[in-house]
Amino acid sequence: MNFETSRCATLQYCPDPYIQRFVETPAHFSWKESYYRSTMSQSTQTNEFLSPEVFQHIWDFLEQPICSVQPIDLNFVDEPSEDGATNKIEISMDCIRMQDSDLSDPMWPQYTNLGLLNSMDQQIQNGSSSTSPYNTDHAQNSVTAPSPYAQPSSTFDALSPSPAIPSNTDYPGPHSFDVSFQQSSTAKSATWTYSTELKKLYCQIAKTCPIQIKVMTPPPQGAVIRAMPVYKKAEHVTEVVKRCPNHELSREFNEGQIAPPSHLIRVEGNSHAQYVEDPITGRQSVLVPYEPPQVGTEFTTVLYNFMCNSSCVGGMNRRPILIIVTLETRDGQVLGRRCFEARICACPGRDRKADEDSIRKQQVSDSTKNGDGTKRPFRQNTHGIQMTSIKKRRSPDDELLYLPVRGRETYEMLLKIKESLELMQYLPQHTIETYRQQQQQQHQHLLQKQTSIQSPSSYGNSSPPLNKMNSMNKLPSVSQLINPQQRNALTPTTIPDGMGANIPMMGTHMPMAGDMNGLSPTQALPPPLSMPSTSHCTPPPPYPTDCSIVSFLARLGCSSCLDYFTTQGLTTIYQIEHYSMDDLASLKIPEQFRHAIWKGILDHRQLHEFSSPSHLLRTPSSASTVSVGSSETRGERVIDAVRFTLRQTISFPPRDEWNDFNFDMDARRNKQQRIKEEGE
């Protein structure tokens, strides 16, 4: 700040208590701002709290925040007399708001402002002797959130429990995680062998089986590799794979081992291996820290042992199993996943050859049957293979067919379709019918809104066509091109009348591959969008949205609250789009999820409130348009802080002018000396 030069001497000192009370008036600030101010005012190391490191920690926690600073300057000056003393108080405040730009993260409701402030309070207490008055007030009501700075004391401290049914879908992840095997022998004497055709491992019990781990980019520090067995078939997948009682209780392979006797998979030659049993699901797995490949190699080798036969009664009992190998961070986040089938047997080479021959015969038989629809004799020659007999053809539901696919991306897409069709068989028929009815109601509801928007009164006939064409040239902002929610908010109100007829389905639900079952044979897909471009950049079409309660809660990361809605007969978002916070509280929804659901309802309302094009195209973010109930949406990752500077300047006249202001120091000293002598 700039100060006027004065011939008066300047003295700076700490302000009086009434000034401190004025600054800390709680009515002017939120409790989070008061928290920052009380912490900084009580600390003996104020510079540490005002240093850029504290705000950098918050900045890093929000990854890529939207930061806005609003400076506030206040000046209080007593009216000075001519050449007299003055008392000047200057307060400079910076109101800082940092908000995460990615509000679609399903985990963001768990990282509340209160949880972050509690973690910062712990860091501040560790670095200074100051304490906050909010520690005791909010200790019991605070939402527990992990500290963004704290690191686990051990590699395996923060591992999250595995789901009830682990995923068996291959996922290379951001590091191109892959699992492979060395060139194996098919001889009967081989202790292990791997079939790339069947994607299946054959090995003997308690024999070393090397597995090669490969990544294209190094994973984060402290990454681990987990190996977990699961049953392959759907009727057994919920059971935990363990050793049979015979091998578990025998002394063979158990004496002198650190691994629990019930674990099927063991790691050999790694003293850092840790055997984990999930306390909720009971699934057993073994973890080893990830080690980068040695010089001259591109693989990291892990030696695994399988401690029970697939045919053991009381254990696997001839049920096929899958081995899921995942690359995870120290807090349990999956960075990559690979899966393969395993069979533990006495003669791996023999069993592999038998399985491969059987599958080849099955493929030849299927291709022959599909090539000619007429019945063929039981004895025939096909490609040089003598078919002495053909078994009775299975029913279409039990028949296994194999489709060779070129390219992993195509394979994973077909695999998702296959899994979706299989899961469809487990749904009851009334659930399917309800879903189709919801889709039809949603389709009709959006069509009605579309019709009301395209009415002539909505556009008005006073504006000339040239003005309408100019509105088409207005381009959306970058945030609207990136944010899918605002992309859905683009409506036909920004399109001229001449072009509105060509896009009757704008803003409606476009059926995807998963919605084909909801269309009757008489219904047709919406016509393709035809939008003649009048500029070099055309806004993208809106994304299709699923307005069911299940999808709505899944997008918010609140899937656990589904029962609170379904028990009341609420199945679509349109049934709760007018709900308030009191309505959500009446449903007995937990408070930590209530704010997130309320924020999602507000966003849904915003998407269906068709405003003028200028509002849609000039809005910098969705957060600025949601003003209703802003005090109730504190669950988002938004941090408000106030950084202030208080300076009080008192100016005194020169010493030779003190007599004019009855401020003679020599006279006061003489008076005090006389009082002292009289007292003696």
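Cβ from N, Cα, C; glycine included.
Look at Swiss-Prot and you will find 170-362 tagged as DNA-binding region. The Zn(2+) binding site annotation in Swiss-Prot covers Cys244, His247, Cys308, Cys312, and the record cites similarity to another entry as its basis. If you look up Swiss-Prot, you'll see 123-157, 361-371, 379-389, 451-472 marked as compositional bias 'Polar residues'. According to Swiss-Prot, the compositional bias 'Basic and acidic residues' annotation covers 351-360. Annotation comment: Swiss-Prot describes 437-450 as compositional bias 'Low complexity'. The SUMO cross-link annotation in Swiss-Prot covers Lys676. Per Swiss-Prot, region 'Oligomerization' is recorded for 394-443. As annotated by Swiss-Prot, region 'Transactivation inhibition' applies to 610-680.
Same-chain residues that are not part of Cys244, His247, Cys308, Cys312 yet have a Cβ within 8 Å of the Cβ center of the Zn(2+) site turn out to be Arg243, Pro245, Asn246, Glu248, Met307, Asn309, Gly314, Gly315, Met316. Across the compositional bias 'Basic and acidic residues' (351-360), DSSP classifies residues as 10 helix, 0 strand, 0 coil. Of all Cβ atoms in the protein chains displayed, 18 besides its own lie within 10 Å of the Cβ of Cys312 (Zn(2+) binding site). Within the model, the region 'Transactivation inhibition' (610-680) carries an average pLDDT of 56. The DSSP breakdown of the compositional bias 'Low complexity' (437-450), given as helix, strand and coil counts, is 14 helix, 0 strand, 0 coil.
In three-state terms derived from DSSP, His247 (Zn(2+) binding site) belongs to a helical segment. Look at Cys312 (Zn(2+) binding site): DSSP puts it in coil. Summarising the environment of Cys308 (Zn(2+) binding site), the number of other Cβ atoms within 10 Å of its Cβ, over all protein chains shown, is 25. Secondary structure counts, DSSP: the compositional bias 'Polar residues' (361-371) has 11 helix, 0 strand, 0 coil.
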